[in-house]
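Just below is one structure, and these are the notes that go with it.
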Amino acid sequence: MVGWALLADVVPFYPLYALLFTATGLSVAQVSALFAIWSAVAMLAEVPSGALADRFSRRSCLVAAGVLQAGGYAAWVLLPGFPGFALGFVLWGFGGSLVSGAKEALLYDGLDAAGAAEHYARVAGWVSAMELVAQLPAALAATWLFVAGGFPLVGWVSVGTCLAAAGVAATLPEPPRRDVGGGVGYVATLRTGLGDAARIPGLRPVLLAVAVLAAYDAVEEYFPLLLADWGIPLAAVPLAAVPIVLGGTAGAALGGVAARLPAWLLGVVLGAAMVLLGAAGLGGHPAGVVAVAAFYGGYRALLVVLDARLQERIASATRATVTSVAGLGTELATFGVYAAWAVGGAPLLAAGGLLIAMALPVVLRGRVAGSGAPGIAATRQSEEDATAPSDS
């Protein structure tokens, strides 16, 4: 899956698609409308697509996601204009929702089937690291391709990388799932997943923490603005942002190491990361790049750990659905991150992050040992036994 993650994000269109829209003649309002369409599709499809992965095949969802994303980029190249761009975002938004939940479920259950569920944080960390590091070759490829053939060449190569990622996804192993019975319908799967997310006591606080903390990834969108505000020349901003990307990559790769830390120390790590972010924002100096890189590394490591703690608490049958509930929470919390940045910038976001850091030891208490599926299954069985009539 590490190779799939790298290939799925080496997309030359990523650093250029906003420029494509404006170069085609779209206004700022129209570009904003496109982003709104993208977000709306992603939110509406998030949880239903998770249930789709639980009911049918997680691997097939990853394959379909690559095909849909490729179709979206093809629409941009073939139909350059607002309707074509909107169609592309609809396809991409639905494709992205298919990945959310299915990716984590396929990885965790695959490791669990091999008796290696305890290694989830380490492997998931490397997957996340590859998703980040892919930004570097994607940016280099975008520059060369644009010079060689403009937006059309960038677009068609992006279509090719997405289809290649879909092909790699088709080769990923998917363990047989005894929990998917022929009599269990899609609606029942969706209902069960939503019920698990709402009623399981040890799951709710971790799910909420994942949803809120993952929303902080939206800060990445503001890194170029921070660097420019600190006096770094615009032409040098992409290069100056490289240490931040590398910091996040290193942090994600160390997620397996961080997963072995006690809960109180995880809170300290996250708190220190948020202090660095706030200090960098207050300092307003180019040297703050180092602090932001350290923040991003610590944040990314904690995100891997919280995802692992979430997966430990979810039953296999509803893993993708419940993970998608967290994803929907992240989509909603992201609006709060945008608002906080508009009001108080990095310092205000850092203050909110400190509150999360202080709550972590409480949220992570009662850690589940081993796979979430047996633990949840055992809980359900005990509930059934408690309510079943006695034979005596």
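The backbone N, Cα and C atoms fix where each Cβ goes, and this holds for glycine too.
Any TrEMBL annotation is an automated prediction that lacks curation.
Your range for transmembrane segment, going by TrEMBL and the list 67-84, 85-102, 103-120, is 85-102. From the options 23-40, 149-166, 347-364, the stretch TrEMBL describes as transmembrane segment is 347-364.
When each of 85-102, 231-254, 261-282, 288-308, 347-364 is checked for Cβ pairs under 8 Å to the transmembrane segment (320-341), 85-102 comes out on top. For the transmembrane segment (231-254), the partner stretch with the highest count of Cβ pairs under 8 angstroms, out of 85-102, 261-282, 288-308, 347-364, is 288-308. Of the candidate ranges 85-102, 288-308, 347-364, 347-364 has the most C-beta pairs within less than 8 angstroms of the transmembrane segment (261-282).
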